[in-house]
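S.K.: One structure, pasted below without further comment.
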Amino acid sequence: GWSGGYPEIVKENELFERYYRELGIVPAGEWGAFMAALREPLPATLRITGYKSHAREVLHCLKSKYFRELRELRVDGQEVEVPQALSWYPEELAWHTNLSRKILRKSPELEKFHQFLVSETECGNISRQEAVSMIPPLLLNVSPHHKILDMCAAPGSKTAQLIEMLHADMNVPFPKGFVIANDVDNKRCYLLVHQAKRLNSPCIMVVNHDASSIPNLQIDIDGKKEVLFYDRILCDVPCSGDGTMRKNIDVWKKWTTQNSLQLHGLQLRIATRGVEQLAEGGRMVYSTCSLNPIENEAVIAALLDKSQGALELADVSSELPGLKRMPGITKWKVMLKDGQWFEEWKDVPPNRQTQIRPTMFPIKEEQKLKAMNLERCLRILPHHQNTGGFFVAVLIKKSPMPWNKRQPKINQKLPQRTEDTVETAANLDEGTENITEEPALADSEESKKMQNLPKPDTEQSKKEGVCGPPPSKKMKLFGFKEDPFVFLPEDDPLFLPIQKFYALDPSFPKMNLLTRTQEGKKRQLYMVSKELRNVLLNNSERMKVINTGIKVWSRNSDGEQFGCAFRLAQEGIYTLYPFIHARIINVCIEDVKILLTQENPFLSKFSSETQKKVKDMAMGSIVLKYDPDPEKPDSLQCPIVLCGWQGKTSLRAFVPKNERLHYLRMMGVEVFKAKRKEEESEGKTEEEAEGKQAQPEEGMDVEDKKDDSVTKMEAETGEESSNTPAESSAMEVESKTVDLDEFSRNANNHVSQESKD
């Protein structure tokens with residue numbers, strides 16, 4: 001019978017051991033340690049988001065509170081090791097622990113730490129990411145002005161790192177660079193959107209294409225259309241994943257050399273497409289979570305060979321000091337799943353030549369092989385620093401690819417260029433799997449016909465600032481039909497009251513505002529950077545955009561009577577804040593605690609300074625700003641900007657629940673809710689949110705409901721509620737716990753509305 005559920009997977013694979021022993025990728029005498037490490041579960045690792053100004057506060061909170069509590073703790077008889085910083089990751093922003101993900105989730109002793117991780121992950125302050133997966137973005141050497149393409153981006157942890165690097169200077173709301181994150185799987189694109197959205201950047205666009213034929217995009221440079229070349233490309237290709245055996249234990253029983261043989265051609269096509277779109281002098285990082293040279297060195301060698309000197313491997317041995325790595329190998333063999341070995345292409349019988357391709361073998365000419373410097377690739381072995389297995393190669397483009405000597409310009413004759421490309425690519429194909437320069441879906445036969453036709457609609461829509469879904473039928477066969485991206489016209493009457501109400505700076509880039517509807521009332525206003533606007537407007541017919549822009553304003557119908565129908569949205573406030581010159585209230589830390597722990601506190605609760613500032617201000621959406629006091633080093637040392645609403649006699653913050661919890665933790669207010677309470681409330685929350693129709697919309701004054709909502713929660717902020725006794729057993733500042741279940745239910749109208757948006 002089924003006494004113990006599923007049988008445990010046996011971590012043995014004879015073919016795997018035979019293959020890698022023969023290839024010699026593991027140094028002599030280390031085979032036992034290598035196999036032992038593969039059989040151990042992967043330690044949990046986390047990365048603190050580097051670009052937010054409060055990254056240091058999160059780090060301080062982790063080290064001084066949560067890591068300290070883990071000392072001398074035992075779980076299932078095993079002593080919990082205090083997390084250690086990854087020595088090679090800059091500024092102590094990445095950590096690993098011997099706790100597996102399973103133990104973290106299941107152990108009652110670690111429940112508080114686990115909830116902290118989940119909550120901080122939700123609001124984008126922490127990413128739970130495998131250590132080796134953090135390496136490729138670091139080796140890209142990203143600067144804020146770089147145009148970046150992430151070719152196979154889902155699920156998005158590396159994309160998040162790239163976005164952080166663009167925003168290295170938090171004082172620049174719109175970096176000149178951007179990230180275009182692509183994935184071939186439509187469903188995984190939405191996972192990618194979720195990851196990117198946590199970082200609230202106006203410089204990210206998620207698109208849905210096959211990476212091996214991702215289209216050439218055009219941009220407008222001084223009135224001329226030119227092909228967009230990227231300064232940095234991350235090419236983290238699909239792979240067999242045998243470096244992930246520690247977390248994906250299915251690989252143990254499913255592993256065979258066939259997986260690598262089948263993927264090699266695709267990996268080479270994707271990498272080729274990547275270098276075609278790379279700017280001269282640009283850098284592309286090719287990476288896999290596989291140890292197999294067929295997916296790694298063989299792809300790089302084939303690419304270098306075809307490039308005829310246009311590409312070179314960068315020497316990154318001095319980068320990331322502290323990272324233990326093995327150099328790339330120059331000799332390897334090919335094995336079929338039946339265990340048959342081949343040392344060179346001429347040995348492969350004709351009936352096997354569809355499975356095995358010439359590019360899978362090492363280069364035979366010693367001089368050519370030496371010039372490739374394959375030892376500059378790096379392979380991470382699991383037993384060297386308790387990680388997964390990984391491979392990385394950093395390529396630099398010195399000149400155009402030989403089959404694309406003239407960097408394609410839009411003003412050249414496209415049909416001529418396409419014919420040239422196909423011809424030269426055909427000549428290049430010496431047994432490789434179709435490595436052609438496919439300039440794009442836009443350069444296909446279908447689009448050639450389209451280019452000869454007049455395009456009044458496209459031109460008209462461009463004038464109107466509309467980037468709709470692509471017209472190609474081929475693209476509409478899969479996934480959801482996305483709403484168009486409609487930029488606000490310069491003379492849109494919608495903007496004037498917003499500009500006046502918030503006293504926006506004349507430098508505010510209103511041309512970058514967009515909505516997702518062409519008809520009816522505009523409910524949300526989003527914002528992108530000037531450079532992404534350029535990309536969107538010039539590529540609507542060749543690109544399937546899934547998502548871009550951050551929400552900066554939301555329509556609030558009750559706001560019209562106060563002079564502005566749009567309230568500020570928290571997710572875009574750090575981008576908007578530098579341009580806002582009115583409706584800003586500077587608050588002290590005690591005021592912030594009240595705002596974050598009480599649903600709709602009366603003005604009398606706040607400091608006298610805050611009350612004075614609010615007194616002469618009209619009702620409506622406001623900005624609440626906290627500036628740290630350097631003379632009080634023990635208090636919160638990072639600035640906070642919150643969206644709020646000023647009512648007749650009350651003031652409230654419009655901040656999603658997880659973000660509230662984050663700021664409270666940073667101020668020393670620990671927020672912890674027992675699982676039991678959470679389970680009880682989970683079923684009710686949705687119904688209550690639906691049922692609270694009587695509550696005024698999104699933060700309008702609720703004085704008549706004060707008994708219910710004003711004092712559901714009180715932190716020890718110096719005042720007690722005038723209506724109900726403060727439940728000090730449920731929440732206390734600094735040393736005790738704040739239970740936010742009740743509060744989160746009250747705030748649910750706002751949060752559920754935000755999530756619908």
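Note that Cβ sites are derived from N, Cα and C of the backbone, with glycine treated the same way.
TrEMBL feature annotations, pasted as is:
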{"type": "DOMAIN", "residues": "34-398", "note": "domain 'SAM-dependent MTase RsmB/NOP-type'"}
{"type": "BINDING", "residues": "C152, A153, A154, P155, G156, S157, K158, D183, D210, D236", "note": "S-adenosyl-L-methionine binding site"}
{"type": "ACT_SITE", "residues": "C289", "note": "active site, nucleophile"}
{"type": "REGION", "residues": "426-469", "note": "region 'Disordered'"}
{"type": "COMPBIAS", "residues": "456-465", "note": "compositional bias 'Basic and acidic residues'"}
{"type": "REGION", "residues": "675-757", "note": "region 'Disordered'"}
{"type": "COMPBIAS", "residues": "675-686", "note": "compositional bias 'Basic and acidic residues'"}
{"type": "COMPBIAS", "residues": "702-715", "note": "compositional bias 'Basic and acidic residues'"}
{"type": "COMPBIAS", "residues": "733-744", "note": "compositional bias 'Basic and acidic residues'"}
{"type": "COMPBIAS", "residues": "745-757", "note": "compositional bias 'Polar residues'"}
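Tell me what's around each of these sites.
M.R.: Contacts of A154 (S-adenosyl-L-methionine binding site) defined by a Cβ separation under 8 A and a same-chain sequence distance of 6+ are given as D183, D185, R188, C189, L191, L192, in order along the sequence.
The local packing around C289 (active site, nucleophile), expressed as other Cβ atoms within 10 Å of its Cβ over all shown chains, amounts to 24.
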S.K.: Non-local Cβ contacts of D210 (S-adenosyl-L-methionine binding site) (under 8 Å, 6 or more apart, same chain)?
M.R.: V184
S.K.: Given C152 (S-adenosyl-L-methionine binding site) and C289 (active site, nucleophile), what distance in Å do their CA atoms have, once rounded to a whole number?
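M.R.: C152 (S-adenosyl-L-methionine binding site) to C289 (active site, nucleophile), Cα-Cα distance: 13 Å.
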S.K.: For the S-adenosyl-L-methionine binding site, please report the maximum Cα-Cα distance among C152, A153, A154, P155, G156, S157, K158, D183, D210, D236 in Å.
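M.R.: Output for S-adenosyl-L-methionine binders C152, A153, A154, P155, G156, S157, K158, D183, D210, D236: max Cα distance 20 Å.
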S.K.: Quick check for the class: what is the C-alpha distance, in angstrom and rounded, between K158 (S-adenosyl-L-methionine binding site) and C289 (active site, nucleophile)?
M.R.: 13
S.K.: For C289 (active site, nucleophile) and G156 (S-adenosyl-L-methionine binding site), what Cα-Cα distance in Å is obtained after rounding to a whole number?
M.R.: 15
S.K.: So if I draw a 10 Å sphere around the Cβ of K158 (S-adenosyl-L-methionine binding site), how many other Cβ atoms end up inside it?
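M.R.: The Cβ of K158 (S-adenosyl-L-methionine binding site) has 25 Cβ neighbours within 10 Å.
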